[in-house]
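The block underneath contains the structure these notes are about, expressed in structure tokens.
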Amino acid sequence: MMMNMWILVIIMFMVGNMIFVFKHKHLLIVLLSLEFIVLSIFFFMSLMFMYIEYEMYMLMVFLVFSVCEGALGLSILVSMIRTHGNDYFQSFNLL
């Protein structure tokens, strides 16, 4: 049972990374894949803390930082859509 959970976490992390690398046309897809990676890391940490019987306080700190990361990503997305009209990376000039 525990081995199936570890395999699930590894698969979630790998799928999130593959989406992040190969589907980078829209900013929303990139942000969703980053949140999926954060969710898999949260699941990994919760499994690890349950396995070693540690406090779950660090999970709360990690959850706070991941929520801040998500809010910052959404604010960048809204700002980009307001200035450029879409979320394509091709229409966004970095220089």
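From the backbone N, Cα and C atoms, a Cβ is placed for every residue, glycine too.
Curation plays no part in TrEMBL annotations; they are all automatic predictions.
Taking Cβ pairs closer than 8 Å, the transmembrane segment (6-22) reaches residues 29-30, 32-34, 36-37, 39-41, 43-44, 47 in its own chain, all 6 or more past its ends. According to TrEMBL, the transmembrane segment annotation covers 6-22 (among others).
Residues or ranges marked as transmembrane segment in TrEMBL: 29-52 (among others).
Marked as transmembrane segment by TrEMBL: 58-81 (among others).
Long-range contacts of the transmembrane segment (29-52) within the same chain: residues 2, 5-6, 8-9, 12-13, 15-17, 19-20, 23, 58-59, 62-63, 66, 69-70, 73-74, 77, each at least 6 residues beyond the stretch ends and with a Cβ under 8 Å from a Cβ of the stretch.
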